[in-house]
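Quick look at what TrEMBL annotates:
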- 12-32: transmembrane segment (TRANSMEM)
- 44-69: transmembrane segment (TRANSMEM)
- 89-108: transmembrane segment (TRANSMEM)
- 128-147: transmembrane segment (TRANSMEM)
- 159-182: transmembrane segment (TRANSMEM)
- 226-248: transmembrane segment (TRANSMEM)
- 254-273: transmembrane segment (TRANSMEM)
- 285-306: transmembrane segment (TRANSMEM)
- 312-329: transmembrane segment (TRANSMEM)
Amino acid sequence: MKKLTETQKSIIKWAFVLVLLGLIVYVFRDMAGPIAKQLVKTSPWIVVLILVATLLYGVFESMITMLFARQYNPTFTFRQAFGMTYFVSFYRTATLGSGAGVSALVYLNEYGVKTSEAFGMYMIEYAVHKLSIGIMAVILYLLHFHYMNETFAEYEAYIGIGFVATVIITICLLLFVCAGWFHQILKKLMDLVNYKGRFTEKFDKIKEQCDIMETESKKLLRHWKLLLGVLLINICKFSCWFMIPYIVLYKSGAFSPDVALAITTVSVMLAAVIPTPAGIGSSEFVMIAMFGAIVGSAKAGAMALLYRFATFVFPCALGAVYAAKFAVIKQRKNKKKEV
């Protein structure tokens, strides 16, 4: 069986996303007019505020990248970290998520972090990222348990499944990042599956990644204060994005800021366990369902579209500038080497 090329994979992913978006449009077809009316009513100041919230998210994300990168390259600056935040955002959008990791490694390598170190660092950063969402979701859900339980009684089973799935995914990710014994189990399982040698190339790559993770995690896990600080910064970071629904819907008076934060956090957690490219479709569907139960589908739909614009399209647009700048810098360096 022939392997799919990267172009073919990209076409399949985009086709899947278009089909998914088509299904969402079909499901909410009767709400298209009301949603459009709500978007037209949106104040320019609301748009400015949600874009500011996204920029603040980028600042916190850059702080985390800088703190981790300085463990390998002490001269790594906040400016470089800020550039990486939007450089990766561009490739995350352009490749529907699959190119985010590779772009991060390329960028870090260009600024003095070895590829193996960059891989370990990026995976640990991602693990803490996922852990932060899980912790926020649990704490906020428990703090607003009665409200959430009464308002979303019909979604209670789905929320429960979402929490369980999030816990399992997070635990597996953390084990992959830092548990040597887990790596040994993975290697033995791969050897059992690969008794005919059909998957040797792929499994050897995974084994190599396990070895890198084991080495790099030992370096970073010794700095527990750093990890705790990153966890707290992550909570601040996510609060910027997760307050966007409140900023958009605050005039409805349907909920307080802390309740809106709780609903958004749980929505994002639930959407994250639905396997769609870059979360497209799943985030909108869950947000419209949950916020729609409070403010109606029209307002919730308009909010979900503004949320997607602020957290996906806007960072990609900024990232295009940084990607172009990075390409120019790379080209100049290559010319100097040739000379």
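All residue numbers here begin at 1 and follow the chain in the order shown.
Cβ coordinates are placed from backbone N, Cα and C, and glycine is handled just like the others.
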Long-range environment of the transmembrane segment (285-306) - Cβ separation under 8 angstroms, sequence gap at least 6: 24, 28, 31, 34-35, 37-39, 42, 46-47, 50, 151-152, 155, 244-245, 248-249, 252, 254-255, 263-264, 266-268, 270-271, 274
The transmembrane segment (226-248) vs the transmembrane segment (254-273): 3 or more CB pairs under 8 Å: yes
Spatial neighbours of the transmembrane segment (312-329) far in sequence, C-beta under 8 Å, 6+ residues away: 51, 54, 58, 83, 85-94, 107, 110, 278, 280
Long-range environment of the transmembrane segment (254-273) - Cβ separation under 8 angstroms, sequence gap at least 6: 130, 133-134, 136-137, 140-141, 143-144, 147-148, 158-159, 162-163, 165-166, 169, 238-239, 241-246, 279, 282-283, 285-287, 290-291, 294-295
Non-local residues, at least 6 beyond the ends, that sit with Cβ under 8 Å of the transmembrane segment (159-182): 123-124, 126-127, 130-131, 133-134, 137-138, 141, 148, 152, 210, 213-214, 217, 221, 266, 269-270, 272-273
